[in-house]
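Heads up, the thing below is written out as structure tokens.
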Amino acid sequence: MCSAVSELFFFLVLQFIKPKIPEFGMSSLVQSTEFYSSIRTSALVSPSGFHAEQSQRVSHGTDGKFVSSEDETWPFLLRFQVSSFGMCLGVNSQAILWKTLAIVPSMKFLHVSLTVNFILWCISLALTSTLFLIYILKIIYHFEAVRREYHHPIRINFFFTPWLACLFLALGVPPSITENLHAALWYALMAPILCLELKIYGQWIYGGCCRLSKGANPTSHLSVVGNFIGALLGASMGLKEGAIFFFAVGLAHYSVLFITLFQRLPTNDPLPKELHPVFFLFVVPPSVACIAWAKIQGHFDYVSRVSYFIALFLYVCLAVRIKLFRGYRFSLAWWAYTFPLTGAPIATIWYSNEVENVLTRTLSVALSSISTFALTAVFVSTFIHGFVLHDLFPNDIPIGRTDHMKRSKSSKKLSHLKSLIFSL
């Protein structure tokens, strides 16, 4: 009886003093295979844990791995990932590109109509609204899946993408709809971005399991580029101080991220081949930063030119490494090509407006053509895999740790507690 009392005492103590670790299993997150495969695949949580009793926790040595059925196709909402908003970034930025081609004086020789911008913007609005609705439904019906996605040190970067898509919609709005957006829109869109930055940048500062040196990868650029896009939109609305604030925040943290990624510390594992398209995200921050600073200053000065040349060099540096970006099957990661390949020509167009000659014009047209071709190819591939082959959103096994597991663990503890009490 004494031993039973002692065991009961220690059991209760451990329940109150043990550290509160996120339920998705931090020990498994430090393993690079699960670390990156969680953003390589498309779903989050096994339906077996949400709706059935099939999932089990199997121990392999000292690390436990959650095993769930891979044969069944999970419900669509569980397979829909927040990184799907990358499609919005590609399409929405294309609307901005064609708007820029139509309004920038140096591109007048192309005689681009604003009708193209209007059509693309309407498509962008419909796509963004649809994905927002789907993810809201996921929040309502599978909140645990969203919570695990949010607390994941890699996937949290993709929570910026819905708000970046909205910023792009504001930047690409056709002049026929409005030419002056209300300043309240800027504050509404930048508030969630600021909240996310306070969380992520705080983790970078305080370290721990989510420190930058451990989890830095090209998708981390998504947590930085929002500052420059927000600065660009704010400057376009005449909100100069707010634009400078976010530009400064973005510049400081982009410098840290850029150096960390280039160092390739031993704690950074190489990206799987399927995620190689995200390397093009290197081009995005300097591309947007040069336009944002030009908008703040009122002209494309030397600071903007330095940022633009950095973006152009990174663009060429990645483009010449063709072998790095071939030999793997299509996935949503391919949308990482579209956004950077559109940001570079937009920056080039504004640069050609400041330095107007045949070379800058030719470069603007060439990069714009590449961007449009890339978007078309990825869009067609997405349509085929989504509506014909039906393999665009496969099951996501590595993040298949469900709230059922949480309930199961709680029920086991309760059963153990009852057995101890009855043994008295």
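Glycine is no exception: its Cβ is also placed from the backbone N, Cα and C atoms.
Going by TrEMBL, these are the annotated features:
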- 118-137: transmembrane segment (TRANSMEM)
- 158-177: transmembrane segment (TRANSMEM)
- 183-201: transmembrane segment (TRANSMEM)
- 245-263: transmembrane segment (TRANSMEM)
- 275-296: transmembrane segment (TRANSMEM)
- 302-320: transmembrane segment (TRANSMEM)
- 332-351: transmembrane segment (TRANSMEM)
- 363-389: transmembrane segment (TRANSMEM)
Legend entry - Candidates 158-177, 183-201, 245-263, 275-296, 302-320; stretch with most C-beta pairs under 8 Å toward the transmembrane segment (332-351): 275-296
Legend entry - Other parts of the chain folded back onto the transmembrane segment (118-137), taken as Cβ under 8 Å at six or more residues beyond its ends: 77, 80, 82, 84-85, 87-88, 91-92, 94-95, 98-99, 146, 162, 165-166, 168-169, 172-174, 176-177
Legend entry - Candidates 183-201, 245-263, 302-320; stretch with most C-beta pairs under 8 Å toward the transmembrane segment (158-177): 183-201
Legend entry - Beyond the flanks of the transmembrane segment (302-320) by 6 or more, those residues with Cβ under 8 Å of it: 279-280, 282-283, 286-287, 289-291, 293-294, 340, 343-344, 347-348, 351
